[in-house]
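Below you'll find the structure, written out as structure tokens, and then a few comments.
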Amino acid sequence: MAHSQVGIQLISESTEKTLAELIALCAEHNIIHNEKSPLALVQTDDRLELRKLDEPKLGAVYVDFVGGTMAHRRKFGGGRGEAVAKAVGIKGSALPTVIDATAGLGRDAFVLAAIGCQVRLVERHPVVFLLLQDGLNRAYQDEEIGEMLQQNLHLLNVQHINELDPNSDYADVVYLDPMYPHKQKSALVKKEMRVFQHLVGADLDADELLLPALQLAKKRVVVKRPDYAEFLCGKQPHFSRETKNHRFDIYMGASQC
């Protein structure tokens, strides 16, 4: 994977995985140790996590598909009634194949996979890629959901969807949720998002995602946006689905026009 180099503190608090092993893993993804970075990628005995060392109260960012928020969402969430499920076109027995081209921490993708969709993940930031990979590997071992996730949720070893071939790597739906500069009020709501945005920043080239997404999608491209954000590429969608704080802009694929 050809990533531009990322400098971040690398720390091991694990009794099983050494700092040398963490450094070697990161080197494969062009991540190097930078002791001056306020961000740290930390290997604990349980997981890989991201911390903002100068703001410890923000807590750690990590991927957990088994417990916490995702367990609650799986058991008590809306399932097929969730906004993201409706946006990608889940209806009756129709379960579209999905490429989530801006996977982030994988939460929307997990919801779709738990419903039964085959979902492939693309994540271009190398640190987020490692967090996702770690979370998936742990979830694959879970007795309750491991087998389902091994069948339905896979992380692709590519950096950008323009590396995928529309003739062979297509899907029914391509899902885009590019990072967008948050209004200060909303940025303070989720502490985790502040850590994440410090690492990733806004997707300033998010407009470059729409064309390759349209080429890969047989049925539709779904773009999740804050309700105050402009359309991706300034391109009017065929229609939108609105929620309390977001909207899903939906562009029908060539076969559906």
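Backbone N, Cα and C define each Cβ position, glycine as well.
S-adenosyl-L-methionine binding, as stated in Swiss-Prot, involves ARG107, ASP108, GLU123, ARG124; the candidate among ASP46, ASP54, ASP177 given for that site is ASP177. Across the annotated binding residues for S-adenosyl-L-methionine (ARG107, ASP108, GLU123, ARG124, ASP177), the two most widely spaced Cα atoms sit 17 Å apart.
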